[in-house]
Structure formats: C-alpha cells, structure tokens
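Quick look at what TrEMBL annotates:
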- Cys32, Cys68, Cys102: [4Fe-4S] cluster 1 binding site (BINDING)
- Cys180, Cys184, Cys187: [4Fe-4S] cluster 2 binding site (BINDING)
- 23-141: domain 'MTTase N-terminal' (DOMAIN)
- 166-397: domain 'Radical SAM core' (DOMAIN)
- 399-461: domain 'TRAM' (DOMAIN)
Amino acid sequence: MEEQNYIRQLRQIMQVRKRGEVPLAFVHTYGCQQNVADSEKIKGMLVQMGFSFTQTPEDADFILFNTCAVREHAEDRVFGNVGALKNIKRRHPSLIIALCGCMMEQEHVAQRIHDSYPFVSLLFGTHQICQFPKLLFTCVTDDRRVFVRGGEEQDRTIAEGLPTYRDGKVKAWLTIMYGCNNFCSYCIVPYVRGRERSRTPQAVLAEFQELVAAGYKDITLLGQNVNSYGKNNGCGVNFAQLLQMLDKTPGDYRIRFMTSHPKDCTHELLDTMANGKHIAHHLHLPFQSGNDRVLKEMNRHYNRSQYLELVSYAKKVMPDLSLTSDVIVGFPGETYEEFCDTLSLIQEVDFTSLFTFIYSPREGTRAAKMPDPVSAEEKSRWFRQLCDTQEQIAAQRCAAAVGTVQRVLVEGRNAKTGLLTGRTGGNIIVDFPGNEDLCGTFQQVRITHARNWILTGELLP
Ligand code: SAH
Ligand code: SF4
Ligand code: F3S
C-alpha cells in the first residue's frame, strides 16, 4: 500500500533528524466526536511513523490542530491558538505545524492561513486523512508548504484499514458514516464534510467485534445522522438492523450512538433500543427549536408535535430513558414568543441535559443571509433563561435519583475528590469510593447524594 511506503520513509527521516531520539507529536482536537475519531486515525499513522505524543507544544517536532467550523467562537479559538505557535516555531525552526479538519475545508479560511500564517507548513481538509502520510512526506522532503483541501465528491470514498490510536481503554468511538445530506439552514457541516457515505455493515461489525475483544466497554457509533445509515450505499441494512447485528456480539459492554435526527428516528429504532441486550437507554435527539415556524426555516423536516410523539413513544418503551438534546437560541428572525415554545418544550420533555448554543452565522449557509434583527444582548438574555430553566429540571432529575441503584461503568479516579468516577447507561456521572482495579468494570452503585449534576453513591456488594 502506497501510504505504508510513505510511513516507512518518514520513520527513517524523522529518526535521522532526531539522531535516534523519539520524535514527539502534539495533536489537539477541536469540535465533535467525529473529529476525535479522525484524530485517532491520524495518531495511528503518527505512531507508525515512530512518533510518541506530548502534551507540551514546546517539546513537539510536529504539531497538528484538527479544527471545527460549527460556530464562530470555535474558529476564533483556533486562529488565536495558531497565532500563538509563531513563537514556538521561531525557537524551534524544524518544527512542522499542520492544520486539518472542518475549518480548513472553507476557502476563505485556507486563504487566510496561507496569507497570514506563513509558519503553517501543512494544511489538509476532512477528505484527505488517508493521504496524510504522502502530504507530510512531500512537505518534509520538498521543504515547501503543502495545502490540499476540497476534492471532487465522487473521489470521497471511505478509507478502510487505517490504524487507530485510541486515547482510552474503556470508551471507544466507531464512525459508521461520514458527511451529511440535510443542509439545516444554519449549519456548515454538509459543506465541510461532504455528502453522506455509510461504511458497509461488514466493516462496522468487524471493527466493533475487535473493540469488544480488546476489552472496550462503552462503544459509541458516530455519524452526523446515524438514523439515515445505509440509505446511500445500497447495503440493505438500516440503522436499527445494524444495531441488532452488533448487539448479538457476546460480551459485557454498552452501545451508544450519536447523533440521531428526529426526521429519521423510527419506532423500529426505539423498539430495538428497548429490546437490545447491550444498547444504552440514552438517546441524544437534537430538537433545535420548539417552534414550528422556526423549525421550518431551519429546514429540519419535523414539527413540534412529531418530536413530542417520538419522545413519548421512546419513554413508553423505555421508562428509564435518558434524553439529551441540542438547542439553538436566536435563530435569525426568531421572536421571544417563538423562543418561549423552546422553553415550554424542554419543560414538557424533561431532558437529562442539553447542549445550548446561541446562533452563529456561518458564511455560505442559507440562514446567514436571513435578516437577524434581535440584538446579541437580547439573545444572551434568552440564552440565560433557557439555561436556568434546564438547570432546575436537571437538579430535580438528579435529586430524584437519590436512593436508586444504578449500573455504573467505572472510568477512572476523579482527581479532585479522589473518588472513583463512572457513568450510568443514561450517561450520568456517578462518583463513589472504591478501589482502582474496578476501572473498566460495571458495578452496582446506590445513589446517596446529588450535587451539581454529579451523583455520588456507595458500591453494592
Ligand atoms: N448532526 C448533528 C449536529 C451537528 S452540530 C445533528 O443534526 O443533530 C452540533 C450542534 O451544533 C447542532 O445540533 C446545533 O445545535 C449546533 N449548531 C450547528 N450549527 C450552528 C450554528 N450555526 N449556530 C449555533 N449552533 C449551531
Ligand atoms: Fe448540520 Fe443538520 Fe447535518 Fe446535523 S443534520 S450536521 S445540524 S446539517
Ligand atoms: Fe465541528 Fe466538523 Fe464536528 S464542524 S462539530 S468538527 S463535523
């Protein structure tokens, strides 16, 4: 394989450069789990090139930022942090600085990096991950800046068989599909990630079985809209059926998935969750807005009552279901009355937790051209009101958990409290006293206290 050849050569080049010392890489990931999963593949290739990882950029021979474009704030942070690398590069001229990920897929960003950040020597987009060894090789051997992004949609195939370096030993991410076809009017993702491409069920199953065999206990299937898995590759397996296939793998583990789009979330899927042996009763189902006019303008393809119907069915078949969601406040043209529909929806549904965002205009999206008369201060007030409402709901939910017994997957020790820390099937954090060798095991824990959305408890024999 061509990549393996580049990897071998880079290994030798780096060895010579470092005079036998181990070369160090600093990889920082912004954005969602999809980016985390991509970084794990890049790290896998770096390991094959002989790199170890460092948490200190000053010590690194190679620095990579995997970037996110979803909101302006995310982009500002990247520009700020890239700017700060200039001094490190001055002190350490052989350092290679690389940028990749969603932000780099945007023409104006790549141009700005090219023109204003001359110390960045490698830039690639979300579709070039498997070409990484070749691009780095060219950058190092030709001693020139290499900028590659975009590419034709038909060339965007799925790269199978890349090595993966996973950060943890308990939780793992497994990408089942790439891209998005939905074009929600506010969202940049379809522009920077391309069209939906599902992996084959065979490839997903094989990786899943490897993860279970390697001892991973909490495996999250990833995609921008996992509910439309299989619709575009003619494999004849839908998402619910894929879950059923994976769930047959013997072992002690949990399956989660994200993100689910309400327009493609079926009763078949909810029944599969309810009847599954290993499927966590946790559903991340972003509703974005509780108002029908706003949902239509967002191009979401469902309305409030359809969303509530799904939730009510899900709760009926899984009374212990933990629901989480994403919400946008201040979509262009949203009125206070329309925002109040969002407030009433969260009160009606009773979410475990919410990811709340103030609308951020993204260049090239439909919403960015819509009139947006409400001031930033006003939107911040609505945002605060939303967060306060959810905080009360979450506090009540936490308090109600006191006295219950939960099955907790132990992830590690909480550095602050010294207690063991883990998560329930509903993805709620539970801390409790115990011995470190319980890490990576499921334990029964009785909840004794609830504070700041963290439950504490005691181990049951
Ligand atoms: N594919 C997922 C979400 C990916 S982005 C889904 O459809 O649910 C994660 C979240 O970021 C979205 O759910 C949305 O709430 C938020 N988001 C996306 N674009 C945004 C924007 N322009 N401004 C504010 N929030 C945004
Ligand atoms: Fe963005 Fe909508 Fe696609 Fe989610 S489904 S990634 S919000 S366009
Ligand atoms: Fe950000 Fe790209 Fe994910 S834009 S949210 S890292 S898909």
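Cβ atoms here come from the backbone N, Cα and C positions, even for glycine.
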Residue among binding-site residues Cys32, Cys102, Cys180, Cys184, Cys187 with least C-beta crowding, 10 angstrom cut-off: Cys32
Cys102 ([4Fe-4S] cluster 1 binding site) and Cys184 ([4Fe-4S] cluster 2 binding site), Cα-Cα, nearest whole angstrom: 17
Surrounding CB atoms that lie within 10 Å of the CB of Cys68 ([4Fe-4S] cluster 1 binding site), all protein chains: 23
Rounded distance in angstrom between the Cα atoms of Cys32 ([4Fe-4S] cluster 1 binding site) and Cys187 ([4Fe-4S] cluster 2 binding site): 14
Binding-site residues near ligand 3 among Cys32, Cys102, Cys180, Cys184, Cys187 (Cβ under 6 Å): Cys32, Cys102
For the domain 'TRAM' (399-461), mean pLDDT (0 to 100): 94
Listed binding-site residues with Cβ under 6 Å from ligand 2, out of Cys32, Cys68, Cys102, Cys180, Cys184, Cys187: Cys180, Cys184, Cys187
DSSP helix/strand/coil residue counts for the domain 'TRAM' (399-461): 6 helix, 33 strand, 24 coil
Length of the line joining the Cα atoms of Cys187 ([4Fe-4S] cluster 2 binding site) and Cys102 ([4Fe-4S] cluster 1 binding site), in Å: 12
